[in-house]
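Data block below; observations after.
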């Protein structure tokens, strides 16, 4: 039956009501003795904050480590970038399978224990990713000559027609063993499945953890607490990328091969680091993060300062209002059948909120840009600026990620210090995003020339630009050599030009072994002693000059854009009704990961693949990983796609700002029209009207008189 008036209550009756609202803590709050200290509540909340921060750290560490190993996985499993995008997106597929139900049903169950189960699944998935290393054979990189460690002389790099058998063992006979077994089952499938399991396990951490904090923290501290947790989640990638940097320096089969026989360095396009080692470490850390949640309660008593904010009239209304009953009675028994029946109407009510819907559309587009950019940024640094995978990961960890963490933390502090309203938070987030966008346009000016590779980017005389493959690999200087065109075994000539292999450089003899191999009598090297050394030439001086400016601008833009992260996240939380908080967070995560997290790495990788100039080849046939890219085309495709998506999102941002302003103005007019002289009166009138509507129509979701500012305060 609708309640059309607010019952007057005495202070004594209010105290009895507050005591009844916290049955698990009767010994600490009684009508006779009055309220006791809320220190145990605060202590439990702080314990939950520490546990959730560690879980955020663990999941962020393993997630960033996955992104730091994309080039290692490409080379180890000989797969193109778009397939790496499929593997990376499999994490979001795992989220997609369960996140809507975990967010909705999990909010009504024991949230800390559900988070603990998720951490266990994440750990298991991380261990599964490392499994292929222990069941696959030793890594064999492609090379055109057979190295002899115990001898100072090697086979001729340039066989004539009658000498084809001399090179056959190193290029065809050896790798062909075990091809049938490998063709039946690709080892990257284990990485794919492990990442799906990681995604399933990560599902409850964010929506249930954030809603738990917002339900039990003081209102003025909620934004600060969430900002702290989000900051820890950004510190995790610092250690993830640093771990990736350390593991990328270690050879994949360390301890099982003689390192003196390895003729490649970490800067070589064929190098594969100990990618599996980091996954074992990350899995163990994630396993530890599950432990604290088993000892945390299902719900906490409401902080007394939060209850003290309500007047006697408000207290009586809260007692009688079913709207806020869910907020403060987390321990009430639940019926799964009733919850399931209420799911679709509740979701319809959520999507009927225009502010939430526009926010959802904006973040989907911006997350496409962000995820694609972050996934391939280490690879962009490697390919465009000629850095090793280890150095690229190190720079991401110690320079770029800390700037993001500082920006997110500063955004939470600014919101707390200036007490930004929901409109202020929206304007602040939009302003920082626009400023970061305009600064990012300068990345286009920080170009770098292509590496000089004979037959691909330069002609053999070093004067003409080509950007072609295969057609120009043969020249008069190497015509007498029967050279395989598929091998990538680069050597650097004395003329500063890189050749795809010693054979294509026309080299007749060689001496030394491993990285100390020197090739002589190279007919295509027309200067000096006609010699060439193993590895690519490192003579891109302009790249080294512009690279520090790229890093500096990257730090600045990352900090500015991340400033709006916490205010934007609080906008998401405050623009919906309290009882829809977990569902709103879960559905937001579901849609952004489905429409951004899954497709973005795939189409970013597919577009990057179009800029490849030289592909490697699998030992059993077929195209493998890319060895060298057209850096100009790579820059335009990577930056153009990233900034183009952000450009499109700003149109919806401005529309959402207009809708939010009109909605707030309409609610203010309604408050004045109803005769409210204060914020509390307006809130109570709006809540009573919403309650009456819900009582008149039990099947309809309560969406009338929706007020973001009211929901922020209550």
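Backbone N, Cα and C define each Cβ position, glycine as well.
Among the features that TrEMBL reports, domain 'Major facilitator superfamily (MFS) profile' is placed at 48-665.
If you look up TrEMBL, you'll see 79-102 (among others) marked as transmembrane segment.
Listed by sequence, the residues of this chain that lie at least six past the ends of the transmembrane segment (114-136) yet keep a Cβ under 8 A from its Cβ atoms are 52, 55, 58-59, 62, 66, 77, 94, 102, 106, 187-188, 190-191, 193-205, 208-209, 252, 275-277, 279-280, 282-284, 286-287, 289-291, 293-294. Summarising the annotation, TrEMBL assigns transmembrane segment to 114-136 (among others).
A Cβ distance under 8 Å defines the sequence-distant neighbours of the transmembrane segment (222-243), meaning residues of its chain 6+ beyond its ends; these are 49, 52-54, 56-65, 67-68, 209-210, 213-214, 278, 281-282, 378, 393-394, 396-398, 401-402, 404-405, 408-409, 411-413, 415-416, 562, 565-566, 569-570, 573. Annotation source TrEMBL lists transmembrane segment at 222-243 (among others).
The transmembrane segment annotation in TrEMBL covers 276-296 (among others).
Taken from TrEMBL, the feature transmembrane segment applies to 356-374 (among others).
Annotation comment: TrEMBL describes 394-414 (among others) as transmembrane segment. Long-range neighbours of the transmembrane segment (394-414) within the same chain, counting only residues 6 or more positions beyond its ends whose Cβ lies under 8 Å from a Cβ of the stretch, are 64, 68, 223-224, 226-228, 230-231, 234-235, 237-242, 244-245, 377-378, 381, 387, 420, 428, 432, 551, 554-556, 558-567.
Annotation source TrEMBL lists transmembrane segment at 426-446 (among others). Here the transmembrane segment (426-446) has Cβ contacts under 8 Å with residues 366, 411, 414-415, 420, 546, 549-550, 553, 556-558, 560-561, 563-565, 567-568, 571, 635-636, 639, 642-643, 646-647, 650, 653-654, 656-657, 660 of the same chain, all six or more residues outside its ends.
Look at TrEMBL and you will find 471-526 tagged as domain 'Kazal-like'.
Taken from TrEMBL, the feature transmembrane segment applies to 546-573 (among others). Outside the transmembrane segment (546-573) by six or more residues, the chain places 210, 214, 222-223, 226-227, 230, 234, 356, 359, 385, 387, 395, 399-400, 403-412, 414-415, 420, 422, 424-426, 428-433, 435-437, 439-440, 442-443, 446-448, 581, 584-585, 588 with a CB less than 8 A from a CB of the stretch.
Annotation source TrEMBL lists transmembrane segment at 594-616 (among others). Away from its own ends, the transmembrane segment (594-616) comes close to residues 75, 78, 80-86, 88-89, 91-93, 95-96, 142, 269-270, 364-365, 367-372, 375-376, 379, 453, 456-457, 467-469, 486, 488, 500, 623-630, 633-634, 637-638, 641 of its chain (Cβ-Cβ under 8 Å, at least six residues beyond either end).
Summarising the annotation, TrEMBL assigns transmembrane segment to 636-660 (among others). Outside the transmembrane segment (636-660) by six or more residues, the chain places 354-355, 358-359, 361-362, 365-366, 368-369, 372-373, 376, 380, 422-423, 426-427, 430, 433-434, 437, 440-441, 443-444, 575, 604, 607-608, 610-611, 708 with a CB less than 8 A from a CB of the stretch.
If you look up TrEMBL, you'll see 690-714 marked as region 'Disordered'.
Residues or ranges marked as compositional bias 'Basic and acidic residues' by TrEMBL: 704-714.
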DSSP-derived helix, strand and coil totals, residue by residue, for the domain 'Kazal-like' (471-526): 6 helix, 11 strand, 39 coil
PLDDT averaged over the residues of the domain 'Major facilitator superfamily (MFS) profile' (48-665): 81
